Structure formats: C-alpha cells, structure tokens
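Notes to accompany the following structure.
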C-alpha cells in the first residue's frame, strides 16, 4: 500500500495535496480511521515537504480541512445514527475502548476532544462519541479546531526530517556521535510523554487494574526521562549538524507558499 501511495503522490503536486486531503479526512472519519496506518502515510507526505517537492503551508491548510470534514461528519453521524452505531459488530467487540472514551468525555470533554486527536485508536472515535453523547457544538468545536490545526504538522514532522536527511546526506553522514545524542534525546522525551500519559490514565481510570509500579516511582521515572532528554537536547543545540537542520527547516517554512 505504501509503495503505491508513494508512486501516486510523486507524480504531481496536485495529486500530493489531494492525497493529503484524503488521508487526513479518512484518518478522522468515524471507524474508517481505525484501519489506516495514519502515521506512516502522513510521514510519507512529510518526506515530500522535507525534500522540497511539496510546500508546507498548502499541505497544512489542506490537512486542516480534511481533519475538520472528517471530524464534523463523524460528530453528525454519532448524533444522527446513535442507535445504529451502537449495534455495529465492530463496536460491540471494542466495548472497553468505547467505555473509556465515554467516561473521559463525560468528565473531561475539552481535554479528551483535544488530546484524543493525537492518539491513533481514539482519533476516529472521539468526535463520533461526542455526537452520540449529545455534547454541545459549543463544547466540541473549539478544542476540535485546535486539534485539527496542530495535528497535521506534528504528524508531518518525522517525514519532514527524513526528507531533509535524504536530500542532504553529505552534511551529517559522518557525525555518528551527534546522531546517537539526538536519538537518545528524542527517545527519552517520548518516554517521558508516554509515562505522563500513563500517570494521567491512572488518575482518570476508575477501573481496578494490576499496578506494577507505584505512582511515586512512575513520577520519578517521568522526571528523570524528561529532564535527561531536555538536557541532551539543549546540549546539542550548538552542534553544526543541528544548526544545518534548523536552517533547512526554517527555509522550508519561510519559502512555502
């Protein structure tokens, strides 16, 4: 699938923008998004931005439109066809996920609508469940729009860096020490974010679960991983390779029209 997708989008910029619209729309569409490898497809599109084939801002705007269309249609479907949706075989097999989304939406609607967009399994479900719960448009629309604005560039980012790296291999291929530091910083920061999410889930999940690590130790690991990752990231800011990457990234953002 990814090979065919890459072949299609490299044929024309118009095709690429059309695929940004389709991918972001289907990723956000109720239930359909569960079956798409969103991070893979968005990273491929981000690679085209990184190597200069596709402009950043048009792709971002098209991505926002696709996200909003998918979310708002999902919200309408949840509101209009609640009874039909609850009888779907797919949802009956995923009652645990649906119940968790329902509980968090009931207690933390704005936070769940915003953060739910960035979590793969919940992205195509949260707007639909909002409609099913009759959550008001006033509550739904602001965090939804904010999530739709932030989601495309965040998911483009891995591909953008990959595109820059592929197009400029001679500028960093020998700097192995920098690559190890950079990778370690990214992994530690992502670990910290993951632990923060796990800690948040513990405080919001009312069900009883086996706890293999105490909250104190979890907070300690969270603090250490984030502190170490941020410290390494600050330390390598003066590295010539990172300076080069920043210049290329800035050029992509400034020159895009």
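Using N, Cα and C of the backbone, Cβ positions are placed for all residues, glycine too.
Under the heading transmembrane segment, Swiss-Prot lists 5-25, 29-49, 53-73, 146-166, 180-200, 216-236.
Here the transmembrane segment (146-166) sits against the transmembrane segment (53-73); at least 3 CB pairs are under 8 Å, leaving out pairs fewer than 6 apart in sequence.
Long-range Cβ contacts of the transmembrane segment (29-49) within its own chain (Cβ-Cβ under 8 Å, at least 6 residues beyond either end) map to 1-2, 5-6, 9-10, 16, 19-20, 23, 55-56, 59, 70, 73-74, 77-78, 85, 88, 90, 120-121, 123-125, 127-128, 152, 155-160, 162-163, 166, 252, 256.
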